[in-house]
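Input: a single structure, listed below in structure tokens.
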Amino acid sequence: MKKILMVYDQIQAGAGTKDDQMVPLKATREVIGPAIMMERFLKANDEKIIACVYCGTGTWKEDPAEIIRKITALAKKLGADGVLCGPCFNYGEYSQMAAEAALSIQDKLHIPAIACMSAENEAVISKYSKEIPIVICPKKGAVGLNEALENMCHLAAEMIDHKNTDNLRKEICF
Amino acid sequence: MMDKLEKVLGPLATAIGKNKYLIAIRDGFLVSTPLLIAGSVFLLLANFPIEAWTNFVENLMIGNQSLASLLSKCSDATFSIMAVFATMGIGYTIARENKSTPIFGAVVALMSWFILMPFQFNANITSLADATGVAINVPEGANAVVSGLQFGWLGSKGLFVGIICAITSVELYSWVERKGWVIKMPAGVPPTVVQSFSALIPAFIVMTVFFLINLCFVACGTNAFDFVFAFLQTPLLGLGDTLGAMVVAYIFLHLFWFFGINGGSVVGAVFNPILQSLALENLDLYRELGPAGYSVANGAHIISQQFQDLFATFGGAGSTLSLLIAMLFFCKSKRIKELGKLSLVPGIFGINEPIIFGLPVVLNPVILIPFILVPTMNIVLSYLAMNMGLFPPCNGISIPWTMPVIISGFLSTNWMGALFQGVLLVLGVFVYLPFIKTMDKQYLAEEAAAADSADTDDIDLDDLDLDDL
């Protein structure tokens, strides 16, 4: 069973609206947010959510380096096999946070870390898509969310198993 | 099953969401929305459902006009000429989508619409004078052919011709532009002058074509407005103004939401022009007959924009305000209670994103059933109640969908309608209850299991080893 950590903002975690930006950094073993909708894809790929970590985008902006360091340390402490940061839809700040978290985890812990966002986040995508896998997802309320969630789970499983993911990434990532 | 359904709905949503004309109609209508809501405030002031007040505004004379008629000027300048804004707005949006100059798209649309509009019509006359200016006695029911712009065509009755004119004229305009049949100016000429010259030939061609269309209609002894109203608008509105259409539209809307697709914007793109037209017709009737005479028997439509906005769902798609009440009062798990508290204030104003994506409703088969069932129940029961005359249909006054339940019902119908909204809200709670309880039980068990193992769900973030990171 592959152990997956989810990284959310306050909205995806169900801990606040877009105005509740100061939700503190929290981690829970409960399966919350989009991971609930991912259940059958996780099962199909022999994956299990071990924890979900989240904070408000305002909390992250106050000290980005510290928040990213803590998320990275948590992935290490829990012994995660892979980390999914998203889906971020077209939320700009969450996308930036997700990309930074994925990059830090990949570079420092050498485990697969995947971000997932929509094409609206052009700046983040152009800055990070060479370094980390960014799975394509629709903007909020558009077609294709289910597919994006499935792609995230699938890509994570392949990467954890050290398979060649070049073709898959071409197909489902930016 | 779910995959199959998504394979059908996904492409459908994409096709509708990317259709240039549907986008143009939707965005075009949005141009008039702020005006209609502002106009509604004045309309409500003139017709507030308290008799002492209406008597006051009708009897207070300012110059030779009553305050009521002065107040209603604001709704004349918005609702009564709504098709002008819509035609302009749609023309503007199509030109924008075609990468033409939007403002020329707007005026070309208006121009072609006015070319087809009859400027002579029969009207009742209330005073008459001879050539020397001496008043002549007017017999009862006298009418005469007069020249001018008719309110009817500028408002709800002219809406469909406006949509058609805006789309065809601007498409033609852009086509001519793309062909390169434009007057080009040397460098150094101010851009506005360049634009206005380059619009000359396309506008001329559009005018000629619409001149010919109008010629054909006149040759056949009719006009485009009467024709479209009788053979397109009336049948389409008739089709839209049925319980079946409303229920089917809303089942689709909620299925879209289930897959994370904004159902309101997909279904609304197709359905809202019809609902808007029905609402405008309702408002015309309401202003003509007043609150006392306004009823289904006198021709008011039950299905309209306000019926959809104010009676189909409370608290957003899925009528999730009912779900919220069930979550807050009958659920015990910490997770559901917390989410309920958090979503209550936005929920009262019809915003339910935290629930749709947080509970979640999206891709959650347990909640799907009541999510579709409750709005359907609301629609059917409200329809029947209005049909039986328990309270009148919505009066067409533009009330924003964010207006809280009960207040919205009072403003749009009467106190009985407000009460009925309250009853539906409570009924919805009971429909949602067994389903949310199922989720609640599962969460409670999870929470209890976590408590038993003396290992709380929360992970301590204070003892993280940050040294080598």
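Positions of Cβ are set from backbone N, Cα and C atoms, glycine also.
As the structure is a computational prediction, the values presented were derived from the model and not from experiment.
These come from TrEMBL:
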DOMAIN    B:5-435  domain 'PTS EIIC type-3'
TRANSMEM  B:28-50  transmembrane segment
TRANSMEM  B:77-95  transmembrane segment
TRANSMEM  B:102-121  transmembrane segment
TRANSMEM  B:158-176  transmembrane segment
TRANSMEM  B:197-221  transmembrane segment
TRANSMEM  B:227-248  transmembrane segment
TRANSMEM  B:255-275  transmembrane segment
TRANSMEM  B:310-330  transmembrane segment
TRANSMEM  B:342-361  transmembrane segment
TRANSMEM  B:367-386  transmembrane segment
TRANSMEM  B:393-412  transmembrane segment
TRANSMEM  B:418-436  transmembrane segment
Considering the transmembrane segment (B:102-121), which listed stretch of B:28-50, B:197-221, B:255-275, B:393-412, B:418-436 counts the most C-beta pairs under 8 Å: B:197-221
Closest-packing stretch to the transmembrane segment (B:418-436), where packing means Cβ pairs under 8 Å, from B:77-95, B:255-275, B:310-330, B:342-361, B:393-412: B:310-330
Chain residues outside the transmembrane segment (B:367-386) and at least six past its termini with a C-beta under 8 angstroms from it: 243, 246-247, 250-251, 254-255, 257-258, 296, 302-303, 307, 311-314, 317-319, 322-323, 359, 361, 392-393, 413, 420, 424, 427-428, 431-432, 435-436, 439
Feature contact check the transmembrane segment (B:197-221) with the transmembrane segment (B:28-50), CB under 8 Å, 3 or more pairs: no
Cβ contacts the transmembrane segment (B:227-248)/the transmembrane segment (B:393-412), at least three under 8 Å, sequence gap 6 or more: no
Arithmetic mean of per-residue pLDDT over the domain 'PTS EIIC type-3' (B:5-435): 91
